[in-house]
Amino acid sequence: MELPPLVAMVGNPNAGKSALFNALTGARQKVGNYPGVTVERHSGRLALDDGRAVELVDLPGAYSLDPSSPDERVTRDVVTGTQAGERLPDALVVVVDAANLDNHLRFALQLIALGLPVVVALNMVDLAERDGLVLDPAVLERELGVPVVPTVAVRRRGIDVLRARLTALVGGTTAELRRLRPSDGSVDDDIVTLQRRARTIAAAATVSETPVRRWNHALDSVALHPVFGPILLATLLFVMFQAVFSWSEVPVSWIESAFAALDGVVRDAMPDGFLRSLLTDGVIAGVGAVVVFLPLILILFLFILVLEASGYMVRAAFLMDRMMAQVGLSGRAFIPLLSSFACAVPGIMATRTIDDEKDRLTTILIAPLMTCSARLPVYSIIIAAFIPARKVAPFIGLQGLVLFGLYVMGIVGAFVAALALRRTVTKGDSSGFMMEMPKYQMPRMGDIAIGLWSRAWIFLKRAGTTIALTTVILWALLSFPQAPAGQKQADYSVAGRIASGLEVVVRPIGFNHDIALALIPAMAAREIAVAAIGTVYAIDDVEDTRGERTLVDNLRGRWSLPTALAFLMWFVFAPQCISTIAVTRRETNGWRWPAFMVGYLFATAYVMAGITYWAAVFAGL
Amino acid sequence: MTSSLPPETLTLETLPRHQRAAVDMIEWERLAVPEARRLRELGFDQGVPVEVLHRARMGSGPIACRIGRMTVALRRAVARSIRVSTAALPAE
Ligand SMILES: Nc1nc2c(ncn2[C@@H]2O[C@H](COP(=O)(O)OP(=O)(O)O)[C@@H](O)[C@H]2O)c(=O)[nH]1
Ligand SMILES: [Mg+2]
């Protein structure tokens, strides 16, 4: 089968390539990967006006053909026809931001010089107009020598004209397509010349211009203010975490009752036996314990996505840069680390925007220390069981204070780790912090919804596969072989025997046999620890001991306070999450860094839990 | 502090806020290669008008400046290598 013609969307970051790509392709999109690199390939089909279909690919944003990150290298290699697994495009849609022509035209000039058929999308003309900038596309067309189409990607303005121009371009020149050479390193000198030419063209195309966006500056004078800026950021973060807990209460209770109802249905419909126990004690309890956290994750990501789409997030990075610089990171690490409070997996994926390799690696290695939502079930059950619900001051409960302390512990741990890593394994000059601050915008609800859905999907898929499978395996290991009368099933089972081996190692830090047993399946995901302990006690007890009340009683009866505190401290540091390890392997292209991450975090967890245990014992707790 | 320096050594680091100026010269050799490239890519070049919009507190922290129609954040060490002059401003 012959492949359809390929058209690539290319341009500076934030020019609106993806928005335009979405407007052109609609829902028919495919996400793949370029071979050998962790760069995603977004492609879709576009039907031209004459009925022919072309494949449209959305290339990563770049500033020039001189790449400084793997993403930018893919862009360069695709447009020069040297990217493995990709054919040379038949035409390029070069996307430029109308309000930023000086800068975006330079890359456009470089791209046009490659010699492929090009149509320029003069995007975001709405924002340019809002800023009082009026441009003449005809002048641009004349100066650049290629068609120029004004567009507003998010309102689908200019899309039909763009498609018409593409129809004319594609296929017209196939006979004399040239093989192109990659850029030859002399680009550095060229940039300045090109930049000057870009400025001249932009000036010629500017019909009228009022001074730069006033209200953007007004917003920035608050957001970036040396005093009010940090106060605003702290307030936003406070409101965010507050909302995560208060808004999620109701949906969490819905999910809980849905799983309880499901459990009831299964219990009524099936005779008592292994299969029923597998479904209820294994799958439903295990998956339920995880899915309950979906509302928390979604609320946190709602805030993050809105802050990102509005343009505020880069301002937050600006404010945080000073603090991050002190531990050898840059402000850019702030966004991935904030996402890691929901889940380290999207957090680690978000480190792709950090161009310095050492910075990026350090951020990946400390991301698992941010208190992700998977730790909450563990923290909340242990706190409920061992920390008295009493007030230490008006409005400040001891339980809340301990939870807060665990968050702080993670952040402090991350900063200390970054400091240590930057002096040892990820030693090197800091790449600094240099970034463009996008214009403020009203976030578009459609984009936010898509972003939320993709996060929810990742989470649910994980709950449905990794976690469901692990809980089933754990249930099986705990249920076989059957203990003879008078022996504890949890000790006699396969899992029990494995745990006895591990117990030798963790005994010095105050962990008992049940904990050793729970730690093994919790390697797949932290939240399984709770389900696992629940299952251990459920399998041993005659009565049905599911439900928090009895699990709390069980914990109180079987664990000492120092053990409980050591257990909490363990979970601040321990890298018990298979998805995080997998994504680290993918993002660092090998086993070396995930292995290092697991090693240093387990060692820290062991030492810190041990210190906590013995300190608590000596303090007579 | 700033006023004691002769005007030709004014840099983006010391340029007073909201004072319009133009890039005079960039000491490329003081910058790391990727930094220098990013700077060029963001449009820093001789003669381009710049304006400091925000500065995190004295002594450290990045600077936000306007260059062309863009707002760009950069660290002080980089800003120090960008000499600016308030004398000959190109007409805007
Ligand atoms: N107002 C307006 N916003 C746009 C337009 N095109 C894109 N955007 C927004 O600009 C931001 C960056 O766009 P995106 O497509 O992600 O840029 P990319 O980095 O080039 O892929 C997003 O928030 C878009 O919603 C446009 O024509 N007008
Ligand atoms: Mg994009």
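Glycine residues also receive a Cβ, built from the backbone N, Cα and C atoms like all the rest.
Noted in TrEMBL for the protein shown:
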DOMAIN    A:4-172  domain 'FeoB-type G'
TRANSMEM  A:222-245  transmembrane segment
TRANSMEM  A:283-307  transmembrane segment
TRANSMEM  A:327-349  transmembrane segment
TRANSMEM  A:361-389  transmembrane segment
TRANSMEM  A:401-421  transmembrane segment
TRANSMEM  A:459-478  transmembrane segment
TRANSMEM  A:515-539  transmembrane segment
TRANSMEM  A:559-583  transmembrane segment
TRANSMEM  A:595-616  transmembrane segment
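Each of A:222-245, A:459-478, A:559-583 was scored by its Cβ pairs under 8 Å to the transmembrane segment (A:595-616), and the highest score goes to A:559-583.
Beyond the ends of the transmembrane segment (A:327-349), by six or more residues, the same chain brings 296-297, 300-301, 304, 308, 313, 316-321, 356, 359, 362-364, 366-368, 370-374, 414-415, 418-419, 421-423, 430-433, 435, 455, 458-459, 577, 579-580, 583-584, 587 to within a C-beta distance below 8 angstroms of the stretch. Below 8 angstroms of C-beta separation, residues 236, 240, 243-245, 247-248, 251-252, 255-256, 259, 262-263, 266, 313, 316, 335, 338-339, 341-343, 346, 373-374, 376-377, 443, 447-448, 451-452, 455-456, 459-460, 462-464, 467-468, 470-472, 474, 525, 527-528, 530-531, 534-535, 546 of the same chain, each at least six residues beyond the ends of the transmembrane segment (A:283-307), sit close to that stretch.
The average per-residue pLDDT of the prediction over the domain 'FeoB-type G' (A:4-172) is 89, rounded to a whole number.
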